[in-house]
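Features from TrEMBL:
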- 1-190: region 'Phosphopantothenoylcysteine decarboxylase' (REGION)
- 6-176: domain 'Flavoprotein' (DOMAIN)
- CYS158: active site, proton donor (ACT_SITE)
- 186-394: domain 'DNA/pantothenate metabolism flavoprotein C-terminal' (DOMAIN)
- 191-400: region 'Phosphopantothenate--cysteine ligase' (REGION)
- GLY273, CYS274, ALA275, ASP279, LYS289, PRO305, ASP306, ILE307, ILE308, PHE324, LYS338, LYS342: CTP binding site (BINDING)
Amino acid sequence: MNLSGKRIVVGITGGIAAYKTIEFIRLLRKAEAEVRVVLTPAAAEFVTPLTLQAISGNAVSQSLLDPQAELAMGHIELAKWADAVVIAPASADFIARFTVGMANDLLSTLCLATASPIFLASAMNRQMFAQPITQQNLTALQARGVQLVGPNSGFQACGDVGTGRMSEPMEIFTVLSDFFSQNQDLQGLNVVITAGPTREPIDPVRYISNHSSGKMGFAIAESFAKCGATVSLIAGPVSLNTPKNVNRINVISAQEMWQVSLESAVKNHIFIGCAAVADYRVANVSEQKIKKSSDEISLKLIKNPDIIADVGHLTEHRPFTVGFAAETQNVADYAKDKLQRKNLDMICANDVSGGQVFNADENALQLFWKGGNKILALKSKKDLAADLVNEIVEQYKKTR
Ligand code: PMT
């Protein structure tokens, strides 16, 4: 089981949904996870420490200054012990305190003190959930890497109907289980990924580019980093936040991307070319803004270097090289041709016909490598990236 032996701190804050957390803890125990429960004072009004102790198999922690804890510092002890912290239910009050970094009870303090991933299943009245301040707090926490689970819509204990119900125990369990199902053992692996478009200048104010948003490449970088790999992300001009623990290098043009990529490729075990690199650039970039003096103008375009082909054909320190093929027709055939021509170890065929994929939140891929292929079905780019990382690592390991 993914969760077998994993050490999970379950934080419970004050809310009627706390009764559902008992079932969540039972699921964790059934999956052979070790569980330690932290209760806020308000949570203890809804569920008893005795019940939680019986279900979790461990004494329940409630106080920041606990004479029973090692060195009387329960928050540090628990923060270091946890492989993950799950707060369910997370009340509006707790979310607000956590967002501003308060440390005035055991749970908020341990959340500040832990380096482990934190999952937060919020539960509150629909109006409280919809308040801009609550939404801002959740967005801020998400940007800090906290993983939000739910909430769901439906009948609420207060009689309202709307969004704010805590996710069901099995839903929270599945998110956690999926997280641990990712290959966690990529420490020591160095990976470099290109993402986004390139921009090829025409004059000081105009350029040629494409619709790549960077979402696919950034999701791959995030997924590798979550698994412990050392990740460099060579990003064209996109407006995405840098994933946690990823070293980002910004570039604009294909030539810049080529230079940084070739320098990085030889220092990494795996190179992934997810960027939509402009195949051509303008031969004579105008130093001044081109004036609208005639009805037609012609731009002479010349070929850009093919980054992934140059990486694939390296003769020394060549990394395991993975390309993408964005095609609108004959997708599989063109992809297989690129696999061979660019001397790649794997290619991810992307059917981009009908305007799908570029800048979308979902994607599907067909992977090809020498002697094999695999379809990765349509799903969010983040989930797809997790699957892709597993496939790349599996094929990479066969070559070492
Ligand atoms: O960024 P998103 O909005 O999330 O969209 C994701 C994506 C569609 C951009 C991505 O999934 C994708 O398919 N990227 C490759 C796009 C592309 O340029 O495909 P291509 O078939 O033209 O190129 C084939 C391979 O050669 C690619 O790995 C590309 O990075 C590489 N290439 C191309 C030209 C060039 N001069 N140098 C290159 O390295």
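A Cβ is built for glycine as well, from the same backbone N, Cα and C atoms used for every other residue.
Heads up, TrEMBL stuff is auto-annotated, nobody curated it.
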GLY273 (CTP binding site) to the residue listed as 'active site, proton donor': how many Å between their Cα atoms?
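Each residue's Cα considered, GLY273 (CTP binding site) and the residue listed as 'active site, proton donor' end up 52 Å apart.
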Please list, in sequence order, those recorded positions from CYS158, GLY273, LYS289, ILE308 with the Cβ less than 6 Å from ligand 1.
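From CYS158, GLY273, LYS289, ILE308, counting a Cβ under 6 Å from ligand 1 as near, the near ones are GLY273, ILE308.
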Take the C-alpha atoms of ASP306 (CTP binding site) and the residue listed as 'active site, proton donor' and report the distance between them in angstrom, rounded.
61
In this structure, which of the binding-site residues LYS289, LYS338 has the fewest other Cβ atoms within 10 Å of its Cβ?
LYS289
When you measure from the Cβ of ASP306 (CTP binding site), how many other Cβ atoms are you left with inside 10 Å?
19
Please report the DSSP secondary structure of GLY273 (CTP binding site), reduced to three states.
strand
Please report how many Å separate the Cα atom of ILE308 (CTP binding site) from that of CYS158 (active site, proton donor), as a whole number.
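Checking the Cα atoms of ILE308 (CTP binding site) and CYS158 (active site, proton donor) gives a distance of 58 Å.
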For the region 'Phosphopantothenate--cysteine ligase' (191-400), provide the mean pLDDT of the predicted model.
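The answer is 96, the mean pLDDT of the model over that range.
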